[in-house]
Structure formats: structure tokens, C-alpha cells
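J.: The structure under discussion is supplied below as C-alpha cells; questions concerning it will follow.
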Amino acid sequence: MATAPPCACGAPSPSLRCPLALPLPFATSHPAVRLAAPPLLARRLAVSPRRAASALEALVLESDDEEEESGIGLFQGEEWAATADERDAVRSPELEVFELEELPEQWRRSRIAWLCKELPAYKHSTFTRILNAQRKWINQDDATYITVHCLRIRHNAAAFRVYSWMVQQHWYRFNFALATRVADCLAREGKVEKCREVFDAMIKQGRVPAESTFHILVVAYLSVARGGCLEEACTIYNQMIQMGGYKPRLSLHNSLFRALVSKTGGTAKHNLRQAEFVYHNIVTSNLEVHKDIYAGLIWLHSYQDVIDRDRIKALRDEMKRAGFEESTDVLVSLMRAFSKEGDIKETEATWHWLLRSGCELPAQAYICRMELYARTGEPMKSLEMFKEMKNRNIPPNVASYHKIIEIMTKAREIEIAEKLMDEFVESDMKHLMPAFLDLMYLYLDLDMHEKLEHTFTKCLGRCRPNRILYTIYMESLVRIGNVSKAEEIFDEMHKNGMIGTNAKSANILLRGYLLAENYQKAESIYELMCKKKYDIPVESLEKLQSGLLSSKKVVKPPKPVSMKLDEEQREILIGLLLGGTQIESHAQKGVYIVNFKFQEDSHAHSALRVHIHERFFEWLPSACRSLNRESEIPYRFSTIPHAHFGFFADQFFQKGQPVLPKLVHRWLSPRVLAYWFMSGGVRLQSGDIVLKVSGGDTGGVERIVKSLQAQQSLACKVKRKGRFFWIGFQGCNADSFWKIVETYVLDSFASSTEESHNVGSDGLQDYTYYESDTQRHGRESEE
């Protein structure tokens, strides 16, 4: 499919692509909407959301009235407020708690009042010790009262700690109303992980969460700028309808739909099925369908690999019946769809309709026409379109340069392609790599190897290298017989984690050795390929077989040998496990699977994903090994089930929960620390470095700190936040840590600072403050 790269693809107008703009009170610790209440409740409480201060209104509905006044709704220039009936329909279950005056014991009243006053001020460890000291007398009603009090005074973190402690006690009986209240307050504050924990607990109890909990959690996920949150929001939304049987309000449908079309076309095209489901729910609920919903669906359909003309026609007909005119976004989407099918008549008709509309012509419309004539075998007409765009004072963008250079190289118009490439480079635009690759493929096809090498060197000076670039250069070197240089390039690729080797590069080198009749090295690379489970062409095997006959050697087919992790893979896995990678047991006893997970919104994690896929290639299932392009590698993939992972499962997990191995302090090599940093660490703009410890207790963290001090002479501090410890290196210690791991850290992490992928959704509010070192934690645990 010939389309512009995702980074530069055209997209709907800002009304479809602007960030989610709900005035949520997540950014501050004191939301604008508050429930007025005295510090201690003096009467029996019936805790349920008041209409004037509903959690839902604090999240979505409060914005409706403001947007009506400003004229900016969920999509720009339109009114997307929910009706009063919809607002009243979403309520939380009523929660009742006793009043203190009803308690006959004065000492109990005093102790509860003291806990309500003191607990919110303490950190996690002291907080838990105080609650543990009350076990002899406290009961569920007492703990419920304290939890509700913390919620009323907006100490939601303290309320969650009390609730979490309470559910672990032997006397606890599930309280659906209390769980709903805690989940709603946590989601309102943006603590999606904690809210999800309570949400999942409700489902495990066989209860369907309240509509308010579904609604607030969806909006909370949409408000978190972190990879995977949109998928989680879609999951909760689907459960709300399919499991709960609820009918979401119009504002929630619109919020989710807008998030689905907020990315570029190449990425958002995978959201089509979910977007169609949202549209179906709006229609079947007899709610008003906004015109930008139609535009968004047509936009998503235009980016599909196979165009569904019937569905696009049906959407256009529904738009007309609703009285909506086709906007510029819709017309450009139609041109994109028609041009992909090579339909000149419909594309040109839509183009003339766009001209008659009198709107400002977008560059994407010209790109569609360029692609159209390239598909119909008229590349020079595509060049005319590019020149016409510049003559109309429409500045070419990155996508237009990519497209015209791609077309000219495929047409083998060397001089024109080189001139356009020079013009593109001089424009100081970014994302030059696709154009360089198109030019190198042209030189390779025409055996212009000197120009290819010059372009390779020029590309390295301006772009971050990748595997495709090096593979093309290797192919060129093998064709001209420079096998020694090709071998150097292969070794450089393997050593550079940002590039890595694959089956294609290994086969190129094998073919080079066979052409040079260097059968000894050919046999060596053949053994490596068998170990990595790379596919080897039959003709290469036959040449190797015939070449080794003179030395009375025979190439045997690869034997099913016992797979083992090499030293590098073991150290990488330890570092990833410290950073949060999960291992799960398989149905077969004693067999385990490693689940790799990476953040989609992080460029650094995208590079790490490709690197881990290459390093653990032989441990992946065949479906994951058969991917042709790096872009096809998923952000979540798993290894094959194998008993060799049992050691790591026993060391890093107990009863399904992450722990720190007792011997972890002996495994902290520079490579382990580097992969720990890349998977669960962050480098701050100040230069300080923090590492998140996944699992473990004070003792395990203390062993790590002492080991770093003894082996690497690194002084560090520790902060505990919720269920995690954070180890921080400041000043010269951060510099020393970086020097230790720099050799093994990927280049994309070296230039990345304070990326959100390294911190959970709850965040680490103050990176530069560390509570104390582990000695203080040790003293607290002894008290």
C-alpha cells in the first residue's frame, strides 16, 4: 500500500484531532467541586453523590455548561452537553455509616476521632503500623467510618490505604457501596491504577460496578497521557455496555470517539472497529449523532488497507439524511480512499468539488492525486501535481516530499529524485529516513554502488540509523564482493542494540561467504542462524553442502537441541524483571512464559521493543518470528512456554506477586543495571536518575543499596510510594551510574529525559525528594 508515513499523514481538522479537553480536576490535589462536611460527622451519614457536586459532573458534565457559554463543545464549535435526564440517571449506590454519638464506648469514639485526625498525615510504613496496632479492637464499621471521613476531607490516598488494609482483615465482609465510593473518588483524582484495583475486586466478588464507576474510570483513562490507557478505556466502556447493561451518556460516547481519532491515520486506522461500535451505541440509544462522528468514521475507513466503498457510501447517505454537508475533511478522506483504488473519475470529481467549495486547499489533497497518477502509471503527472502545489503557495510538507520521492525512485527518474532529495534536505525538515531509503533502493537496483555508499554516509550524518539502512548497505557490499566490509557491518549491527541483526542480514552475509568460497565462516554463520531459528534458503544450503564436500564435511539439518539462555539474555531478563516484566505459569506444570510489555507513546520504548524482539528471537513463537517489518512488532509479546524460565519465576515471583530475589545483590552487573534503567527507570532533566523497584520489601531494597555502594561505589537514596520503592542517584552519583550503564543503554534512552513511560499513572510527584536511605526504613520495620 502506498501511503504517506504515519508521522506525516493528513488527518481530520483540529475538531477531530485536538487533545481531550475535558476540564478534569486531575492536575490539582484540590478539585473544584467539594463536598462540604465537618471534620468528623455528627450524624448518621447517607453517602451518595449530590447532584450539585456529583463526581460525574466534576469529570464531564461540569464542562458542559461552560462549553455552551464559550461555544466550544466536545468537538469545536458545537454543543455536546448531556441532558438533565442523563445526568440524573447516573448515580452511585447509597452508603450509610454510623454516627459517633451512637457508640456506647467513650474510648472507642476517642480512638476513632484520633485516627481520623492523625492518619492522613503519615507515610505508608507508619500508616500501616498504626493501623496494625488497632487490630485488637477495631472492626469493619470503624474502618468504614475512617475511610469515608478521609474521602470527605479529600484525602483519597489515605482512604485507599485504610480500605486496602481493611480488606485484608479476617473480619472483612465485602461492602459494595463503600468500594464504589472509594473507586469513584480515586478515579476522580486520576489514580486509575488504584481505582482499577478496586474495580476488579468488585467484579471478582460477582458484583457489577455501578454506572458511575464505569463512567468515571473511562474518563480517567482518557485523561492519562500514557500508552495503553486508550485501550483500557475501550475495555471499560465495552464492559459497561456488555456486562453492566448500562447506556452511557452522549458525552462519554463522544469523549471516547474523539480519543480514537486523535492520532495520525496510520496509527488510528486500527481503531476502526471500536469507533464503529461507539457509533452503533449512539444510534441504538437514540442519541444525536454529531457531524464529526460521520467525518471521523469516513476518515478511519480511508486509511484501511482494503477500502469498504459500500460502508463509506452508507455513511455519506446518513450524513445527507441528517442534514450535514460534506466538509473539507470528508472530501479529502474520500480522495484518499478513491486514489488508493486507482479510481481517477471519482478522485477528480471530488477534487473539483473541493475546488468549488472555495476552501483552502490542503496539501493532503495533492498527495492523494500524486498517489492516484502513480498507481495508474503516470509518474510525471504526479510531479506536475507537486509543482502545482508549490505554485499555489502551498508549502510542501514532509508527507508530500516522501510521496513524490517515492514515486520518482520507483519510476527510476534518477536526476529528478536526487534534485528533490537535495531540496528536502535543505528544507531542514525532519523524518528524512524514508526518502533516503527509497533513494538507496534505487541505486541498489541500478548497481550504482558508489552513490549508494555516499547516500549511506550522508544518511548516518543526518538520521538515526536503523536495521533497514544497514541491510541495504550490506547487500551492496556483497554484490561488489567486499565481504570483509560486509562482515564488519554485520558485527556493528549486532553490537549496536538500536540496530540489531535479523534473518535477512544473516542470509546476506551467508551468501557473501558462499560467493567468496569461504566455507569455514559460512559454516559458522550457518550455526548461528540455526541457533536463532532463522529461515535459510534451500539454494544457500545446497551451495554450503557442495562447498564442504571437499573437506569431507556434511551440512546436517538443525537438530532439536535443548534451548538455553546465553549470558547476555540472562542479564537482560534480570534487568527487565527488576523493571516490572512479568512471568506467568503455563497450563503445563513447571513451564513458564515471559510477557514483554512496552509503552506505545514512548520513542525510547519503541526502540527497546525492537531490540528485545531481536535478542530473544529464538524464544518467540513462530507467528512473532515471521514478521517482515519492525513496525509490525507488537508492543506486547510473549515467549514460548519453557521450563528454563522456571528459575526466574521462582526467584522473582511468589504466589503471583513480584518479589526481590535473596541473591539479587550479586546479579547487579552493568548490563543488568542498564536494562533495569531502560525498563523501569527515568533520567531527570536535572541529571538525577531514579529506578523503580518492582516488588520486594525493605530488606531486599537494602541489599541492593549496599551492593551498589560496595561494588560500584554508588551512594543512593530510597523513597517509598505506595507499593513501590524508588532508588535515586543524585549529582556525581548519577554521573557515575550513567558511566557504568552507558555502554549497554540504547541511544534513544541516552537522549530521553523524564519520559512518562517510566512512571506509572499515579506518578512520582516529587522526583528530586527522597525520604531517606534504607537504614531509616530498616529502623521503622524493627519498631
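Placed from the backbone N, Cα and C atoms, the Cβ positions cover glycine too.
Heads up, TrEMBL stuff is auto-annotated, nobody curated it.
As annotated in TrEMBL:
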type	residues	note
REPEAT	175-209	repeat 'PPR'
REPEAT	362-396	repeat 'PPR'
REPEAT	466-500	repeat 'PPR'
DOMAIN	570-737	domain 'Homing endonuclease LAGLIDADG'
J.: Give me the mean pLDDT over the domain 'Homing endonuclease LAGLIDADG' (570-737), rounded to a whole number.
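T.: That region's mean pLDDT is 86.
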J.: Within the repeat 'PPR' (362-396), how many residues are helix, strand or coil going by DSSP?
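T.: Result for the repeat 'PPR' (362-396), in helix, strand, coil order: 26 helix, 0 strand, 9 coil.
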J.: Helix, strand, coil: count each for the residues of the repeat 'PPR' (466-500), based on DSSP.
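T.: Once the DSSP states are binned, the repeat 'PPR' (466-500) shows 26 helix, 0 strand, 9 coil.
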